[in-house]
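Visitor: Below is a structure I'd like to ask you about.
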Amino acid sequence: MAKQDYYEILGVSKTAEEREIKKAYKRLAMKYHPDRNQGDKEAEAKFKEIKEAYEILTDAQKRAAYDQYGHAAFEQGGMGGGGGFGGGADFSDIFGDVFGDIFGGGRGRQRAARGADLRYNMELTLEEAVRGVTKEIRIPTLEECDVCHGSGAKAGSKPQTCPTCHGAGQVQMRQGFFAVQQTCPHCQGRGTLIKDPCNKCHGHGRVEKTKTLSVKIPAGVDTGDRIRLAGEGEAGEHGAPAGDLYVQVQVKQHAIFEREGNNLYCEVPINFTMAALGGEIEVPTLDGRVSLKVPGETQTGKLFRMRGKGVKSVRGGAQGDLLCRVVVETPVGLNEKQKQLLKELQESFGGPTGENNSPRSKSFFDGVKKFFDDLTR
């Protein structure tokens, strides 16, 4: 079976420059790579053709021979003896560029790992959350060794270049037709080895410590808010950047107030005479007591809004409100005189369901009467 033309395989003209050939190869190799087409024999065969064409057309000597003699230039007895395209080509460059991010290859020394991020759960009272507070916290962490300054090597020595990968952090492994780069098993990709480890950190470059931090909590935070302290996480390996510390806010339940966004809610009990006749009562706010005027004929559950007495948003903007929900209390512990007065009051209303003085009761009982009338029809 005749072999396909190398230029046709890559989809380029016979006058294509090397950069065009390389670009075409990258595109096709990405499409037909075996790792992206597992179990697809046709894709695997196509990938081999693409690699063969790329190797020939990016080698000036081989390309010239191919242009003059075609595939015959590489058959037994042709150019270079031995034929084929198995000798000498190093695909580490193209593989690093094309497949590094996708298949974990890539070139060069593995970067030292950034330090891990840490999390701290901080409980605040409502007052602390609303006004802001500065608190000291203690957190266990890994810090850079102060003896070797993160290198892991004993004082007076330094890490040595890995003899296996010669400092590259990777080694090339040939698996049949393919040449694959892998992390160096000797140095784990660092490119260096520590022959004389530091006596304090034993070569790790980091030591366990508990550090104390002063954390400023801004006014207006709420449960679920998270504060990031850059660089206050664990130290990175061998001089790599430190991680971050995230302070997670949890606001404790308050005895009086409930928070909803930037608004505060509280229940204000009033007796039935104030509800009926109106009056004035002191209610609590986070800034102290204020006076609330209750109009006559106030029903239980009515909300009174006190503007600007809520929480100032941590992100700026208008301050929230305080909403007072009145609860009309039924009197208890009545003496005989009080009971008699209430009976007289009830009679003046025209009975327990006085129509003129209890509109909701009238509406309710009218509805009940209609319901039963409809049932008996």
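Indices start at 1 and increase along the chain as displayed.
Each residue, glycine too, has its Cβ placed from N, Cα and C.
Marked as Zn(2+) 1 binding site by Swiss-Prot on the basis of sequence analysis: C145, C148, C198, C201. The Zn(2+) 2 binding site annotation in Swiss-Prot covers C162, C165, C184, C187. Marked as domain 'J' by Swiss-Prot: 5-70. What Swiss-Prot lists as repeat 'CXXCXGXG motif' is 145-152, 162-169, 184-191, 198-205. Residues or ranges marked as zinc finger in Swiss-Prot: 132-210.
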Visitor: So among the binding-site residues C145, C148, C165, C198, C201, who's got the most Cβ atoms within 10 Å?
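Guide: Of the binding-site residues C145, C148, C165, C198, C201, the most buried by Cβ count within 10 Å is C148.
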Visitor: Counting Cβ pairs under 8 Å to the repeat 'CXXCXGXG motif' (198-205), which of 145-152, 162-169, 184-191 comes out on top?
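Guide: It is 145-152 that shares the most Cβ pairs under 8 Å with the repeat 'CXXCXGXG motif' (198-205).
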Visitor: So of all those binding-site residues, C165, C184, C187, which one's Cα sits nearest to C148 (Zn(2+) 1 binding site)?
Guide: C187
Visitor: For C201 (Zn(2+) 1 binding site), which of the binding-site residues C162, C165, C184, C187 has the nearest Cα in space?
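Guide: Looking at Cα distances from C201 (Zn(2+) 1 binding site), the smallest one goes to C187.
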Visitor: Do me a favour and check the Cα-Cα span between C165 (Zn(2+) 2 binding site) and C198 (Zn(2+) 1 binding site); whole Å is fine.
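Guide: Distance between the two Cα atoms comes out at 23 Å.
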Visitor: Among C184, C187, all listed as binding-site residues, which has the most CB atoms within 10 Å of its CB?
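Guide: Max Cβ neighbours within 10 Å, all protein chains included: C187.
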Visitor: Out of C162, C184, C187, the binding-site residues in the record, which is closest to C145 (Zn(2+) 1 binding site) when you go by Cα distance?
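Guide: Checked the binding-site residues C162, C184, C187; minimum Cα distance to C145 (Zn(2+) 1 binding site) goes to C187.
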